[in-house]
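Now, the feature entries from Swiss-Prot:
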BINDING   897, 898, 899, 900, 901, 902, 903, 904, 905, 920  ATP binding site
COMPBIAS  123-139  compositional bias 'Basic and acidic residues'
COMPBIAS  140-150  compositional bias 'Low complexity'
COMPBIAS  738-751  compositional bias 'Low complexity'
COMPBIAS  756-765  compositional bias 'Polar residues'
COMPBIAS  773-786  compositional bias 'Low complexity'
DOMAIN    632-713  domain 'PH'
DOMAIN    891-1147  domain 'Protein kinase'
MOD_RES   1046  phosphoserine
MOD_RES   1050  phosphoserine
REGION    11-48  region 'Disordered'
REGION    108-155  region 'Disordered'
REGION    549-594  region 'Disordered'
REGION    730-786  region 'Disordered'
ZN_FING   314-364  zinc finger
ZN_FING   466-531  zinc finger
């Protein structure tokens, strides 16, 4: 074959036309061959560049086939490849001829212009230079390219069927249909196969998707290829979700093979992208970001169905000692310490705090592993690889990683996500298995986050959520997590994604709102929009998903572990995750998922997550007032232990009129614990006849405090021991030792004075038991007196430095059996006297509190104190003593029903009739005189109202410093009912039943011009534990008297349930309660709060997807949503009134009316329904032949 056998293909300059498409003409061809670069150089020795002008940007180009010579400009370009090839397809009745011209170098354009021609559309011309060729052109040919330095044209012409084609078609019909196979080449830059030829047919237009035929479009365009078939797809937006991509591929396969039954073909589809820069041209598509503009997607049909699995690469973490300052790769803070500062991953080499180990992603990429010398650094030298090992490794990783991109919904049904962890991932990527490491280097207690979190992460919708940065001052050296450089400065060093991580503070395990990402101010603009905090919260209700939302399968509770993507790690040992022989999967281990789910929420709970805050009990902040000016009754050093913990603890006790406070020392304000006097049930001294270890005991409802002594055993030894600065721990005290040590002998101690001097002495001590003998001989009276004199001298010497001779003497006389007179101990030792002084002081403090002043905010509040008894108090109640109140009611201090800003509610019982009551104790000392109306409002309102829907007020008693409000006691509250329900939310029927009673109670209160102002589920009490209980409103501490057309402006209520006008400090009226009703209905039906506190309420209300995500609102009626929207109106004039809410169609239901009639029959009073509705519902019963249940 000589040079004349090769067709000549030229690009020539043409004037720009009005159309943006390049025109390509086929002039003539006499043969079909494949050209290489060397062939072009060999057969093109002469040039006539004068004949051809250069190509400029924007000009049209024409592909010609002439007998002229190829311009030198095109021949010498390294990236110029021209190929012609003719292929006959056995399953079609026509043959295809391909002509491909690629210009991939910007130097081929006009001189000095480095731009390129992008996204051009090539279409066949309407005429051919050789009219004898009878060809049918393929309609609507379109091609796009994402390479910014190349443009290309691809032309396909269809021949009329020949005799050979007809014969091949008949042979094909006799054989079974076979799906195209996967071709993998090791030299992608020089090898061309039929899968790389661009054959275009009419573009596919699936339903419900907008496509554009224009070459200039702002969306995403890519190509689908299956065998020799190829389609161009254009979608709006910059990304396409993997679920939609798989659907496009599935529809494409169905279209090109319409006669075949696809069935569950979607389970067999694998999607790859062509990447000529990689060793293996075809790269598995795992995320939506893999599909960019111009990507060629190869559809490969697997030999077996691929179950949905989630791929994780767990880190192999072990304790590591760093020689240079190192920062945590998770939080960015410095790893402090001299040795064993943190954990290092054996695979990827990343470093973490131990505290961060349970939060890190399972994303070990093994980048730390050493590259073998045989592995090339570029694809061009890839033929030296051991292809068998590489293909096996690549095939395993691809098959295991493919399911990270699978949609959860399949044709055959949903499947529970599986997790596959290969043994290669868990072993040593460099030198052997992880278990072969020395035990001292192995970490069996640190790993990543739990597996159920991997499922939630993999199945969530991945949307771009920007970080909310705020200037932050760091207390520890921290690096920027974007540029990995240190945040310099003393204050305001950088920016942090704002908000504190409140995961540990929330008992229901709610996720944090912010990710606390750290970066420089200059780097904040370049940080990716991937805030994990908000994304977690808003993942399940935003349209499409990358990986799809997986459906649950109850019968699949095990997860196969495998290698995979970059996710965050589980709280199980790293080593046990590796595979073992006989595990059931090649190269991997089948790991039971039962343990992973034992402490994790159910899949139903995971799938129902939304951007809204989970419903929880809102705790009002208490005003913790520490009255430093209270009358001090007694103070001193005390050693104590409890019946629950036998460890001796020494603190400086201060007894005042409110309680006992255990301080760290005499001067500090920090205290260890506080025992309020109202929690003390009794104080008892130890019996003199019985030998005991403690002096006296303090009994509370929670535990018993045993007062051991005023000095510890260790401190006593420090006084009497003479060896320099060595304090020995005391031996175990026997029950017959009366609290003193059972050993004797000579010892030494180092006593440091307050000025810092040191005194050392060696003393021999013979210790006696009370009424007993020593281990050597019986002590005589003279020996006892001699020993006592020794101890007395020691105490006197120590007192010069400690200043506590009395305490030393008391302790020694108590423990050694000597009295202060020098004789053996009797019942009236100094220890007993010291115990009696403490018990007397505590018992005196437990007596009724005498009138005394307190200081709040620097102002005296004596105005609220009433010095004499029997008079009328400020609230109109008769002053009584606490003894008189205790004779009438018994308060159960351990039964705390609730606590709030004004006081605490305890359970109690009426001593005379045995009726259980709720007693609200309000401490008047917490309120200054100008807030006295807050105390009076609730009492006045409760005395005024009388309705079955409002809690019944019984009695109010006032003492000198407390107010006792006695009310009826009910079973529980509405919040407890919601949280304890099976799904964490109530059904529509139950919600309607409760809301109907709430609205009726509000109608009564508003008629009395009373606005509750703090309506929330915690303040809605239930009288029973049934599904349809009676409800009553309580807690009128924020209630206000507001007329029909009046407005008030004050601080009221709980922010989570307050209307916008209150939060903005604007005037509010009785419609405030209606907003609260809307929030109550929302949280009852969904189990979440409707709004986020950091976003504008108007924007959240207008965003229907935010307010009502599919889970669970797709199960709730439209009337309920309309009812909520009518209540949650920002403008007060548009908000429903009580009457309008009661007449709403959602509340007008026969089932509700029937349930309410049953309740009224049980109560014995008709207070919710009205007689005017009876005729309408009786007619409904007759029309639908319904038997009433309320009769």
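Just so it is clear, glycine is given a Cβ too, placed from its N, Cα and C backbone atoms.
Everything Swiss-Prot records as a feature, shown here on the structure.
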| residue | record | DSSP (3 states) |
| --- | --- | --- |
| 897 | ATP binding site | strand |
| 903 | ATP binding site | strand |
| 1046 | phosphoserine | coil |
Residue 897 (ATP binding site) to residue 1046 (phosphoserine) - Cα separation in whole Å: 35
All-chain count of other Cβ atoms within 10 Å of residue 1046 (phosphoserine): 13
Residue 899 (ATP binding site): tally of other CB atoms within 10 A of its CB: 15
Rounded Cα-Cα span from residue 1046 (phosphoserine) to residue 899 (ATP binding site), Å: 31
Entry from the binding-site residues list 897, 905 having the most other CB atoms no farther than 10 A: 905
Under 8 Å by Cβ from residue 903 (ATP binding site), same chain, sequence gap 6 or more: 920, 921, 922, 923, 963
Integer Cα-Cα distance in angstrom, residue 1046 (phosphoserine) to residue 905 (ATP binding site): 32
Secondary structure composition of the domain 'PH' (632-713) [DSSP: H/G/I, E/B, coil]: 4 helix, 47 strand, 31 coil
DSSP residue counts for the zinc finger (314-364), split into helix, strand and coil: 0 helix, 14 strand, 37 coil
